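Copied over from Swiss-Prot:
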- 1-111: region 'Disordered' (REGION)
- 77-89: compositional bias 'Polar residues' (COMPBIAS)
- 170-200: region 'Disordered' (REGION)
- 341-470: region 'Disordered' (REGION)
- 438-450: compositional bias 'Basic residues' (COMPBIAS)
- 653-714: region 'Disordered' (REGION)
- 903-932: repeat 'ANK 6' (REPEAT)
- 969-1002: repeat 'ANK 8' (REPEAT)
- Cys1060, Cys1062, Cys1066, Cys1071: Zn(2+) 1 binding site (BINDING)
- 1160-1179: region 'Interaction with histone H3' (REGION)
- 1240-1243: region 'Interaction with histone H3' (REGION)
- 1271-1296: region 'Disordered' (REGION)
Amino acid sequence: MAAADAEQAVLAKQETKQDCCMKTELLREDTPMAADEGSTEKQEGETPMAADGETNGSCEKSGDPSHLNAPKHTQENTRASPQEGTNRVSRVAENGVSERDTEVGKQNHVTADDFMQTSVIGSNGYFLNKPALQGQPLRTPNILTSSLPGHAAKTLPGGASKCRTLSALPQTPTTAPTVPGEGSADTEDRKPTASGTDVRVHRARKTMPKSILGLHAASKDHREVQDHKEPKEDINRNISECGRQQLLPTFPALHQSLPQNQCYMATTKSQTACLPFVLAAAVSRKKKRRMGTYSLVPKKKTKVLKQRTVIEMFKSITHSTVGAKGEKALDDSALHVNGESLEMDSEDEDSDELEDDEDHGAEQAAAFPTEDSRTSKESMSETDRAAKMDGDSEEEQESPDTGEDEDGGDESDLSSESSIKKKFLKRRGKTDSPWIKPARKRRRRSRKKPSSMLGSEACKSSPGSMEQAALGDSAGYMEVSLDSLDLRVRGILSSQTENEGLASGPDVLGTDGLQEVPLCSCRMETPKSREISTLANNQCMATESVDHELGRCTNSVVKYELMRPSNKAPLLVLCEDHRGRMVKHQCCPGCGYFCTAGNFMECQPESSISHRFHKDCASRVNNASYCPHCGEEASKAKEVTIAKADTTSTVTLAPGQEKSLAAEGRADTTTGSIAGAPEDERSQSTAPQAPECFDPAGPAGLVRPTSGLSQGPGKETLESALIALDSEKPKKLRFHPKQLYFSARQGELQKVLLMLVDGIDPNFKMEHQSKRSPLHAAAEAGHVDICHMLVQAGANIDTCSEDQRTPLMEAAENNHLDAVKYLIKAGAQVDPKDAEGSTCLHLAAKKGHYDVVQYLLSNGQMDVNCQDDGGWTPMIWATEYKHVELVKLLLSKGSDINIRDNEENICLHWAAFSGCVDIAEILLAAKCDLHAVNIHGDSPLHIAARENRYDCVVLFLSRDSDVTLKNKEGETPLQCASLSSQVWSALQMSKALRDSAPDKPVAVEKTVSRDIARGYERIPIPCVNAVDSELCPTNYKYVSQNCVTSPMNIDRNITHLQYCVCVDDCSSSTCMCGQLSMRCWYDKDGRLLPEFNMAEPPLIFECNHACSCWRNCRNRVVQNGLRARLQLYRTQDMGWGVRSLQDIPLGTFVCEYVGELISDSEADVREEDSYLFDLDNKDGEVYCIDARFYGNVSRFINHHCEPNLVPVRVFMSHQDLRFPRIAFFSTRLIQAGEQLGFDYGERFWDVKGKLFSCRCGSSKCRHSSAALAQRQASAAQEPQENGLPDTSSAAAADPL
């Protein structure tokens, strides 16, 4: 199949070039080329013009009138050559290299030998007049360089052998079409046409530095590289095919892969952030009571939440207590009524009636099952029981007898008579949920009907009715149902008092004594339940008991049929491992935990069968213990110790949830209750379905951290509220959804719980509270327990208010560290922004909450330099509000103090505004720019004087702040101060001292431009001059990206790009872009790895817009633009230079060499060659970047013989190997204030070395005047020694 795919890929490449196999071909063609950077490049060119009086090739005159007045050359008025037409027909390979015919010459460039052309417009805007009968060159050469035989250019590192030799360069301007693959066209094909023609001028070009090792690599035959291509083809093809397969995963339906509340969150996160007003309009069309409501059941209509969900979910956070709670006699249905998986269908009629009730401003209270024997026997009288049975029987008889199955497979819980009755009523065609009874429906029932007595008392008086009620559920099991057995046993084991009553009534139990002992249902299987399967979040719900510690299984689920060890335990979705262990009776029916490791009882009715259970979970009937699996006497069982199992796949529960296991015998039925209070508490605290079924906010596989609820009064209050719900029947209250918001804000835990039980939507938003949710209110007040309750009940943890505030923002702004920790651990996003662009870090920094800021930064997901809509960073907010310790913290975390806001103020401006001299000193010690001016021309001294901040004024004056600097209004700091104030006096004195010493002229650094990039860079680049009166250079156009003035035919076809399909940060070895670069060369901070070869830098292929990774992946650095603080300044002897305003670590991206993309032939006719950078193409046409007329700050970077920058070829938006982007990375630690420099290359100095010398000042300078003189002396001495070989011997023989 792989061979067939490869053959099909090759065929598709030959025919259509648009098949997905183009990715495979591109990998096969590009990878060897990326590794072949050291191969020999054929370069050609002509002798260039010299620099205009500046040194190191980066300095020119302030203006160039000839260029400024020249007409611009546009693409529209360019006439294509015949070769260009051929090139359009030729095929372009996926790697960007043209696969044109070998006879095709250079395209899109003016040939120098065409004397029939009388007038041509060059790409630089000049008219190129060429008389047909004259042999003049296209440009009049400068007198200084007319006789220079070299062609200088800045070059890339790793190819010293690629520079053109002076002896091979032609002396005529005539050229012939270049034949690719046949060597240098200029050196072989150019032939003189007349002996009297002028000598062509070769242009100076900056190049990549060449190493000695590069000479050997460059000298290798190209065929050797091609030999290595073959074994890589199959590997690359497989990699590409795998990448394509990863692009087409089979995703399940959204409602099947996530609970509906998760789907709600997943969609509303992005929608809320992008279209807040559209969402608000859409939501407002609903009734106010229905705003934001959603169900926990996928693909269901909106409905109120059910009572059983809230009780069930809080079983994971309540903990058992020892003492009086054990005295309560609670029936086992306390767990099963709320733990079963009842699917309440919301019919249209039901939804309409509920909406009508909501429009009147009230929610229906949840009707607690009256027949539920959770009510303690001590507090419930027989009269109350009779009344309850009458009411429930009335409801049963009123429902029509249809007997149809409605999702019967999902309703097969046999835990209690109450659940059977409810499902029986539902299957009878009852449209209303029996859990929530609208008041008007209850009012319709004006007369009572005979009751079938389906309750705990019905077990004693009417066994026939029990069997009838059980028939509806028995169909859900695949084996013979034990419904009637369970019901009889329930009647036997309901309570201690009932046991005594049952002993006196043998007529009920005497029919079948064997059914008195409950048997397990380990081998019974219940059909799938859509609700439980969805809320299980595709994870196993098993809880393991390992040495008295409980752990959660995190394995994925394959089969969704439900299982449980007994009717006391909830229905579970299990993984294959736990399904097999369930069938082997390794799950204790008493507590529902898997007996994994520790001390257990083991019953062996047969040699090949063993039943595991806890000693205290044995079934007890009439003071006799029995095996809860088979009913055999427990005395026959033996205690075994199972070795500790591998628990690496489990999640250990909170310490508070484990203490219930220390006394696992609390299920002892001799106390009169099959689910006594301790057993109920233990089940609630460790029930596996609670955290599984209520995980609405986190991604798949995220377990809600129940340990986030701290031990304290909130925990005790919650426990008491849950116990009250389980032991008593609360009054039928009618709550308005608005009450949930106020109760959450006031910390009324019990009321919040009751309202959630009643089904009030936890995402209800208050219209008059900026559409804030109860979670906003709880987070704002710091009620962690209520936050946990709301999140577990389905509250959207990232819900946004009208001003786009999230609950995490409210907690951070109000300094509730515990709430912040809980929300982040529960999955809240830390980087959303509110309507003003502020994150939670901005809000906390503004208020000075040190601990919150420290925790947010330690989380690792927060950007310490994030800016809001005003451009203000957390550092600026902390500075303005005088939070000194917070400023120190942010500075230690890497905060950039020179980031400018929208008005180009830096932190020092805001320190002057606030008047905090301590922060100002900290900022100045961190090398903050004291002379920075904002958009109004104000320096920090201006602002301090205007705000009358005397201490700051004195501090700035002591640091030599310019008191004479004028802003755009023409005001000096002295004029900004209040007349005769203390600040005015200090400024006046400073000015007088300066004026009193006119004989000591001090060079004052003046800011001649606040940003030479005019805002095109993310970080402004100021220009200063402290040497002379030269203004900021204006004889060029600043551009932040490469530009063209003539067609270059760069292959930007997105289908030709090789791309990755990474889901991580692209740091793994499987990233396709990293493989093209041999590996990802960036670390997590965006710096080059230490093993990066600075001498011969490899090609770097960054991730592009065709990749599936995120925009902030690790393999995107250069495309993020300028990040370092740079400054253009006037040097003493090298014209303009560039220096850093901050410390730049090793391997940091500094800037990119940006200019005009031109061809090699076009570079030969350019008059100014000081800004040419050779792109070092290996095959075919050679291209250059000319920063003379268009460029960025890198055009001012001077040469240095010990460079602190190295140029690297990088590919981003395209992968055309002819046009790499040149990125400068630091080769060592660059100190703040240090001048930047890179090695121009030998080719540049071969031409320019005769015009000027290098003045880098390095001890290893190779191109200084002294080094040049030494080389000339050595060169002159060698011929002399060769001409007189016997001079030394003759002198020795001379007696004189």
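Numbering starts at 1 and runs along the chain as displayed.
Note: Cβ is positioned from N, Cα and C throughout, glycine not excepted.
Given the structure is predicted, the values throughout are model-derived calculations rather than measurements.
Non-local neighbourhood of Cys1071 (Zn(2+) 1 binding site): Cys1060, Cys1062, Cys1080, Cys1103, Cys1109, Asn1115, each in the same chain, at least six residues away, with C-beta under 8 Å from its C-beta.
Apart from Cys1060, Cys1062, Cys1066, Cys1071, the Zn(2+) 1 site neighbourhood in this chain, defined by C-beta within 8 angstroms of the site C-beta centre, holds Val1061, Asp1064, Ser1067, Ser1068, Thr1070, Met1072, Cys1073, Gly1074, Cys1080, Cys1103, Cys1107, Cys1109, Cys1113, Asn1115.
A coil conformation is recorded for Cys1066 (Zn(2+) 1 binding site) in the three-state DSSP classification, outside any helix or strand.
For the region 'Interaction with histone H3' (1160-1179), the predicted model reports an average pLDDT of 83. Every protein chain shown contributes to the tally, and the Cβ of Cys1060 (Zn(2+) 1 binding site) ends up with 25 other Cβ atoms within 10 Å.
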